[in-house]
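Enquirer: Please read through the structure below; I'll follow up with questions.
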Amino acid sequence: MNELLNKQLQTAELQQQHLRQLVRAQDELPDNVKTVAGVDVAYEKDSNRLVAAVVVLDATSLAVEQVVSHYGEATFPYVPGLFSFRELPAILLALEKLPLQPDLIICDGQGLAHPRRFGLACHLGVVTGIPTIGCAKTRLLGEYGPLAASRGSYESLVDNGEVIGRAIRTQTGKNPVFVSIGHKVSLDTAADWVLRLAPTYRLPETTRAADHAVKTLLKLHSLKI
DNA sequence: GCGACAG
DNA sequence: ATCTTGTCGC
């Protein structure tokens, strides 16, 4: 019964090897980014039920403008390195419900800071064509030197001599977040946006809003409301 | 061989 | 990711 799973994982890796070539690491975002979105997925405890949400914020005020969601079931297991295959399908279905696509999307996970340089942020960006940034709470791979304690300080995330992202302190004295290129956004621009979106808390308002939305929706759903 | 391993 | 109580602090 593991043969099918192994085949599925092998196919997913091949997909990554193919799609990774389509990632664009330079700035190709609009001159004036007006909307920024956060995406997240929450899972029900003893089932495969899940809910994905896309929350659109005004890029200047950071006020929530729109929330769309999708209820479904997980069809792929959680495997480090193949995370996007578990979350992307539901995220795409939620995204389709938006009448207007956001100018930029911040993902809760890695972008190029991935073993095959193709984390969730890259996958979502390449599939939709929307500029994306990866902003993870923990590191998947790469090393970084001593990081100053103040907000805004950062160190390069290096893997095999290659800069794959940046460990950035968004709040003085708090643990850093791990930012990497997703699609159509340079690392410098990605870092700027993450800092701009996290003026008060460690995580960007986009991921905080998406996380909150998804947890609330899942709770309401389990209450059959 | 052993441990580590985005969410 | 999810479960899980109280607790310390602004």
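Note: Cβ is positioned from N, Cα and C throughout, glycine not excepted.
Features from TrEMBL:
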type	residues	note
BINDING	A:Asp40, A:Asp108	Mg(2+) binding site
SITE	A:Tyr78	site 'Interaction with target DNA'
Enquirer: Compute the C-alpha separation of A:Asp108 (Mg(2+) binding site) from A:Tyr78 (site 'Interaction with target DNA'), stating it in Å without decimals.
Expert: 15
Enquirer: Would you mind checking how many other C-beta atoms are within 10 angstroms of the C-beta on A:Asp108 (Mg(2+) binding site)?
Expert: 23
Enquirer: Taking just the CA atoms, what is the gap between A:Tyr78 (site 'Interaction with target DNA') and A:Asp40 (Mg(2+) binding site) in Å?
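Expert: Cα to Cα, A:Tyr78 (site 'Interaction with target DNA') and A:Asp40 (Mg(2+) binding site) are separated by 15 Å.
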Enquirer: Is A:Asp40 (Mg(2+) binding site) helix, strand or coil when read with DSSP?
Expert: strand
Enquirer: For A:Tyr78 (site 'Interaction with target DNA'), what is the tally of other C-beta atoms lying within 10 angstroms of its C-beta?
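Expert: Counting Cβ neighbours of A:Tyr78 (site 'Interaction with target DNA') within 10 Å gives 11.
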